[in-house]
Amino acid sequence: MTGARNWLNKPLIFFKFNNHHTASPGDKMVKYVAFFEELGKDDVGIAGGKGANLGELTQAGIPVPPGFVVTAATYDKFMTDTGLQPVVMEMLENLDVNDTKELQRVSAEIKDIITSTEVPEDIQTLIIESYNALCQRIGKDDVYVAIRSSATAEDLPEASFAGQQDTFLNIRGAEDVLDYVRRCWASLFEARAIFYREENNFDHSKVYIAVVVQEMVDAEKAGVMFTVHPSTGEDRILIEGSWGLGEAVVSGSVTPDTYWVDKGTGKLLEFTVGEKNIMFTREDGRTVKKEVPPELRNKRVLSDGEIAALAEMGRRIQDHYGSPQDTEWAIMDGDVYMLQSRPITTLGEATEETEVKSREILVKGLGASPGLASGRVKIIREIHELDKIQIGDILVTVMTTPDMVPAMKRASGIITDEGGVTCHAAIVSRELGIPCVVGTGNATEVLKENQVVSIDGNRGLVYEGSVIEGEKKEAEAETVTVESPLLTVTEVKVNVSMPEAARKAAATGADGVGLLRTEHMMLTTGVHPRKFIEEGREDELVNTLAENILKVADEFYPRPVWYRTLDAPTDEFKTLEGGENEPYEHNPMLGWRGIRRELDEPEILRAEFRAIKKLHEQGYTNIGIMIPLVQHPDELRKAKMIAEEAGLKPHRDVEFGIMVETPAAALIIEDFIEEGIDFVRLEP
């Protein structure tokens, strides 16, 4: 193997392992590491979009911080040599990516498998020697680097999505570099990336990931630059910038300064100074998010000279590639660096303006993706709220993240408080072809849940009601206007006995499940729950319960599902395997059942609570617990103690309620309230 330590004498390094390896990306001579100087725009197959374009920029004489690429062949070798490839592909088989919770679960499991698998020694040597060679070139020990994913399909002209895989900043030392390269490999299976590949019919087994390891630029100011208007294709340069590292702009954490530049003359045509409240900087080897000093928040970031230098560099890059480019830049000590460049794949034309007649303007922002759309406002403040976005809704949030892409696909338009026209929300909206308004400042506060609004992605305006007239309005109505169910003050819930009936029950439009019975789930196993416990099969019982409860919780999510703990009459469980010792009772309906029985057999109740905890950890926090046939607050108190032993804190982690089925319980309801309950079901 040619050693990376010889790199100064041989500027182009090719690594070749002697052991057998089939390189799916398919070069005659497999490159496992390539420094930027040896890469060009045609090397997307081995270096991914980022890596190939950094090589192309370097060869074109554009100032780029030095670095190297751990190629897609190395990832392929890692997955093959460790035996992970067939395991991961099997986990992805038959996955429904529109099932958000299942997608998140599978993604987390795959990433955990990859990051916990030791990197083979030959690959470790390759990466560590390459990092040491980079440090030698720069003339420093343990150089700080940025480690960025570079998927082989991420930045191709026909497919572009922001932020599918991970980026790690301020990584230092060979061991940490090795660890974060592996994390980048794992990020190929982020939920958002899996979803994107499925939606675009990319074969998971044929998508690879390269990893860029690049000297870290400790930027004083940074941002993005489009060499044409990203929405309309207008031939002028757009620059966005903010203080510190570029993460603040790219992530949409701030509303950056916006500068429009004449491409021919380099003259600044217009600019808007954004309110830049936060910044990312490097402190003690860590990327730190901090507040921008008050005197800089509303101060212009770029000088005329810096704008001219960036515009000139943008023209050079576009001329070199022969097509409009989306670039990232940074300025350190007065020097301008390009961090990456990729083709703009979302160019469109401004849509025909529709006349707006006497409509109230609710909020104003920046038009980030052209078009007009009307729909009902759905405000997203937490990631677990995404499932409330239905087809045709208007998604309103502070700023979108890559995890929101499946919900964004269902929306007819996007509105954000923060961000500029090159933030995540803007890029994804243009890719999806839906209108987007960003940087409104207060949309999440001004707009109301379920309010009907219209957004103008050309002008950056949001109007009250529907403003789409004529044919456009009719066409929009087919996808946006939904016949709302009758609204009542009292919620109407359904009973569900069999998980298989959940879909039909959910389709009724009920406000939730007021009673999810456990007994049918137990009976279908054919085994008495006590037998599971006695034979040490508690985990099997937990998983069986969780699988059945999940079918209901998923259909109704985020509507509440009240799970009633086991209320097993003795006569029904006699026929189960292990039920031979069930006592004989003259009237089982008034006998040993409900919470009385479960406190006598606490292991079964604990297994039920463990199943619910497992589902809560997967995001199904809509499941509440309901205790049946309570007679006294002491029973409720003991049930809560068992729940806490199982890892569920009543009232904090999970809603905890009771069924009132006897006059005695009804007469002392205030005692139950004092003990603490979140809801009551009255059983006549």
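Every residue, even glycine, has its Cβ placed from backbone N, Cα and C.
H424 (active site, tele-phosphohistidine intermediate) carries a helical DSSP state (H, G or I). Per Swiss-Prot, active site, tele-phosphohistidine intermediate is recorded for H424.
Under the heading substrate binding site, Swiss-Prot lists R517, R564, E661, citing similarity to another entry as support. Sequence-distant contacts (6 or more apart, same chain, Cβ under 8 Å) of R564 (substrate binding site) comprise L515, L516, R517, T518, M626, I627, P628, M659. Secondary structure at R564 (substrate binding site), taken from DSSP and collapsed to helix, strand or coil, is strand.
Taking Cβ-Cβ distances under 8 Å and a sequence separation of 6 or more, the neighbours of E661 (substrate binding site) in its chain are P628, L629, E683. According to its DSSP assignment, E661 (substrate binding site) is coil. Annotation comment: Swiss-Prot describes E661 as Mg(2+) binding site.
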Query = Which residues, in sequence order, are found in the same chain with Cβ within 8 Å of the centroid defined by the Cβ atoms of R517, R564, E661 at the substrate site, excluding those residues themselves?
reply = L515, D567, G594, M626, P628, L629, M659, R681, E683
Message = With the substrate site defined by the record as R517, R564, E661, how many Å span the farthest pair of C-alpha atoms?
response = 15
Ask   = What's the most sparsely packed of the recorded positions H424, R517, counting other C-beta atoms within 10 A?
value = R517
Query = Reduced to three states, what secondary structure does DSSP give R517 (substrate binding site)?
reply = coil
